[in-house]
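Per Swiss-Prot, the feature Mg(2+) binding site maps to ASP81, ASP123, LYS124, GLU491; the stated evidence is sequence analysis. According to Swiss-Prot, the [2Fe-2S] cluster binding site annotation covers CYS122, CYS195. Taken from Swiss-Prot, the feature N6-carboxylysine covers LYS124, and the record attributes it to sequence analysis. Per Swiss-Prot, the feature active site, proton acceptor maps to SER517; the stated evidence is sequence analysis.
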Amino acid sequence: MPKYRSATTTHGRNMAGARALWRATGMTDADFGKPIIAVVNSFTQFVPGHVHLRDLGKLVAEQIEAAGGVAKEFNTIAVDDGIAMGHGGMLYSLPSRELIADSVEYMVNAHCADAMVCISNCDKITPGMLMASLRLNIPVIFVSGGPMEAGKTKLSDQIIKLDLVDAMIQGADPKVSDSQSDQVERSACPTCGSCSGMFTANSMNCLTEALGLSQPGNGSLLATHADRKQLFLNAGKRIVELTKRYYEQNDESALPRNIASKAAFENAMTLDIAMGGSTNTVLHLLAAAQEAEIDFTMSDIDKLSRKVPQLCKVAPSTQKYHMEDVHRAGGVIGILGELDRAGLLNRDVKNVLGLTLPQTLEQYDVMLTQDDAVKNMFRAGPAGIRTTQAFSQDCRWDTLDDDRANGCIRSLEHAYSKDGGLAVLYGNFAENGCIVKTAGVDDSILKFTGPAKVYESQDDAVEAILGGKVVAGDVVVIRYEGPKGGPGMQEMLYPTSFLKSMGLGKACALITDGRFSGGTSGLSIGHVSPEAASGGSIGLIEDGDLIAIDIPNRGIQLQVSDAELAARREAQDARGDKAWTPKNRERQVSFALRAYASLATSADKGAVRDKSKLGG
């Protein structure tokens, strides 16, 4: 029988000093012996996805204490990728994932907490907390801040839906007037919450549902809606039950590694492919699997991508649907229900509520449930009122979207595409693979061949695109932007957005060892592995080389002979200390980022730290 970890600091005469300090935080004799549960919050005024979280930790804490636990809250950092985008700030985004994971480990282990409720939301915060949870392997429940409402504005006498990406594209489009650009900017992000499309934040919050670590509705129920409060109340109560099950009943099924099993990871990736999630999710699932000591690799993702269809299409792949529409159609559970009926899921998995997949679907799938309260929850909709307050409105759709032939979520028979929303490509400069969000690629360019235009920084590529140096038919190659080479593996949302602004969204391809925002669409291929800074063959591409992309056959090929590539590699190696570094790039890299780069692996490994360099 495991004993409470917290007993280390609360029991025994030799812990008098620790108890004295606990008393100074408000604990009493009656609390020593209760489970200490960390409320891992991520409130910050820098990020719209986290600006409303200040009081939500207290909400969870009250429920923990009412259920017989002791709640202790702390915050992690949170970087807003949209605000950090397009300048040196983006170098810090992916490395912040490791800092978040480490900081959670540090706080929880230093104070011997017994369990956690993780209040996350945006791009690197959910993955960082997920990595920490699987590393620590103590009871945990995730409850995120929820999605932002979609923006809406009237253009050309028509009401259209908007998001962050629209503001970026129109702001750079010389054909768009200043007044229209300003109108879109002011309308694109109307409320608190994670940006309203199927971008990285919302993708990851959906995947925590599929992994079983959060409650139904977590990924899609709007941040502003009053119904979302119940998820926080439930999390506080339920975590005490899970904690007591493990420590008092020796029930290891309450632990995250037993909930987020390999079968659950396969289900999460299947969901990701079916909903056309962000390519960043691949990076984060690979990293989380390593923390869980699960053998889940690019090969597994490749196999799944070849058999899973696309059943949901959401911004940025279409402007018709945003997360509020996914929720109306049944949310994550609605998509999982269609995947289950197609025989594409592992059914022998459980979630933090203790429900198996069939039980979860029976209770929460809008196509199956007889529970009017569940149906009412999925009718929770937007209010269209600018606010930074959680739970500030209670508007509802008149009806659910249960049209599986033409609605937001489709059945297998009416899939948007027989091929899923993500694909792994392999070739002679991506020997370990690269990722493309096929959900955002127009059918006309699924096969594409063109000459390379090579840039050794995102900044140079942006300057060339906006300066008219990139033309229709080109393949833009941005290298030395991987985890090690950047360092930090910057997102390339500005280059892809500016290609659209210049009318080249369906006329060019972009390939990088960096990564893309969840807001990216178009023929954008990232995570090329090995990266250039690690001796990857992407570092051998020269201007004018022909590159052939074949998404249907999962191929990507540099049309240069093996002999020529060998000669180029020899010349690169001969540069000595300058080998596999950019030739003409001035970039200030801090000590913190250099430390990150010294241990970073390529994207096919999840861009995690290379444990072999630490002797582990």
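Cβ atoms are placed via backbone N, Cα and C, with glycine included.
Where Swiss-Prot records a feature, it is marked here on the structure.
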residue : record                        : DSSP class
ASP81   : Mg(2+) binding site           : helix
CYS122  : [2Fe-2S] cluster binding site : coil
CYS195  : [2Fe-2S] cluster binding site : coil
GLU491  : Mg(2+) binding site           : strand
SER517  : active site, proton acceptor  : coil
Query raised in the report: Measuring Cα to Cα, how many angstrom lie between the residue listed as 'active site, proton acceptor' and CYS122 ([2Fe-2S] cluster binding site)?
Result: 12
Requested in this report: Would you list the other residues of this chain near Mg(2+) - those whose C-beta lies within 8 angstroms of the C-beta centroid of ASP81, ASP123, LYS124, GLU491 - in sequence order?
Outcome: VAL79, ALA84, SER93, LEU94, CYS122, THR200, ALA201, ASN280, SER517
Query raised in the report: Name the residues of the same chain, 6+ apart in sequence, whose Cβ is under 8 Å from the Cβ of ASP81 (Mg(2+) binding site)?
Result: MET90, SER93, CYS122, ASP123, LYS124, THR200, GLU491, SER517
Report summary line: The sparsest Cβ environment within 10 Å, among the binding-site residues CYS122, CYS195, is found at CYS122
Query raised in the report: Near the Cβ of ASP123 (Mg(2+) binding site), how many other Cβ atoms are there if near means within 10 Å?
Result: 33
Requested in this report: Would you count the other CB atoms within 10 A of the CB of LYS124 (Mg(2+) binding site), including those on all shown protein chains?
Outcome: 29
